[in-house]
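Feature annotations, reproduced from TrEMBL:
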type	residues	note
TRANSMEM	30-52	transmembrane segment
DOMAIN	46-297	domain 'G-protein coupled receptors family 1 profile'
TRANSMEM	64-83	transmembrane segment
TRANSMEM	103-125	transmembrane segment
TRANSMEM	145-168	transmembrane segment
TRANSMEM	202-221	transmembrane segment
TRANSMEM	242-260	transmembrane segment
TRANSMEM	280-299	transmembrane segment
Amino acid sequence: MPAGTHNDSANVSYQEFHLLGFPGLQESRFLLFIPFFCLYVMIVAANSLLIYTVKVERSLHSPMYLFIALLLATNLCCTTTVVPRMLLSFLFDVSRISLPGCLVQMFFLYFFLLLDCTILLMMALDRYVAVCNPLRYADIMTNKLLIQLTAAALVRSVSFVSPVVILASRVRYCRSNIIQHFACEHMALMSLSCGDVSRNKIVGLTMRSITIIFDLGFLLMSYSRITHAALKMASGNIRHKAFHTCGTHLIVILFSYFSRLSSSVVYRVGKSVSQDMHNLISAIYLLVPCTVNPIIYGLRTKEVRQHLLKLFKRRGSVFIPFRKAALNTKE
């Protein structure tokens with residue numbers, strides 16, 4: 001059956017789909033490849049550099065910096081779940097994906113997005129303990145607790161994402177085999193169903209609502225108490241450092257949640273918005289936080305910035321003998 005046709009039999013379900021990233025821009029696929037490729041290279045380079053810096057510098061092995069490295073690693077995994085396949089489709093028109101492959105991509109996409117949100121909660125907890133209980137910080141934020149929190153974050157992501165993907169696997173897709181998206185996004189796949197998917201939509205919306213309400217409530221409570229505790233500090237320098245560190249985390253949180261909420265709102269209420277615009281907004285909400293996060297932490301976190309400069313100077317000094325040798329050879 002040719003791509004894009006409708007299936008007249010409700011008992012037959014497509015097992016292969018075509019990811020049509022930007023339907024109205026198929027003639028300009030190669031032009032789309034250039035900006036998305038540059039953005040992906042930037043994401044991989046910036047996030048990997050900061051993760052490497054935290055890894056090699058022993059002084060950055062405290063909970064706050066380990067959480068930053070974990071957040072950046074999650075950003076890297078999330079974009080890698082989607083972007084390489086999208087780039088291949090732009091460059092070589094490789095758009096086919098099997099239903100199992102589509103469901104696997106959907107699982108990991110939402111898994112890493114939810115894990116990203118949970119790590120932000122863990123960072124808020126870390127800052128709460130650091131500011132509100134500074135004398136007991138080392139006793140509370142132990143390696144054992146970090147492992148437990150990470151395990152809880154993984155379990156949370158699997159528990160919330162699995163029901164959505166399992167329900168999606170039981171749907172019959174006979175309306176079309178063209179997914180009007182660059183990834184196997186849940187609502188884009190549900191639009192191809194030929195049966196009642198109200199339960200799928202309710203479960204998906206419920207899971208998202210629960211996570212957003214709980215996460216924002218937890219973050220609001222944590223940072224309000226942090227602000228209250230910071231204002232009571234006698235030392236101006238300590239108070240400034242507390243506000244600066246928490247302000248950095250809050251900027252990351254605002255970027256992350258604002259982009260995701262705007263994508264959800266536009267997808268549900270923007271009926272007059274074209275499919276290409278929907279997909280562009282989805283790409284922005286997926287890629288912009290992953291691009292901005294390493295820049296924010298690299299510029300605003302003094303310790304990370306200092307070690308990055310030290311790393312560049314160290315790498316630069318390695319090439320100095322080679323430069324001198326090359327100059328002597330020319331002479």
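Each residue, glycine too, has its Cβ placed from N, Cα and C.
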Quick check: do the transmembrane segment (30-52) and the transmembrane segment (280-299) share at least 3 Cβ pairs under 8 Å, counting only pairs 6+ apart in sequence?
yes
Check the domain 'G-protein coupled receptors family 1 profile' (46-297) for me and report the mean pLDDT.
86
Near the transmembrane segment (242-260) in space but 6 or more residues beyond its ends, with Cβ under 8 Å, are 64, 71, 113, 116-117, 120, 123-124, 127, 130-131, 212, 215-216, 219, 223, 226-227, 229-230, 233, 284-285, 288-289, 292-293, 296-297, 300-301
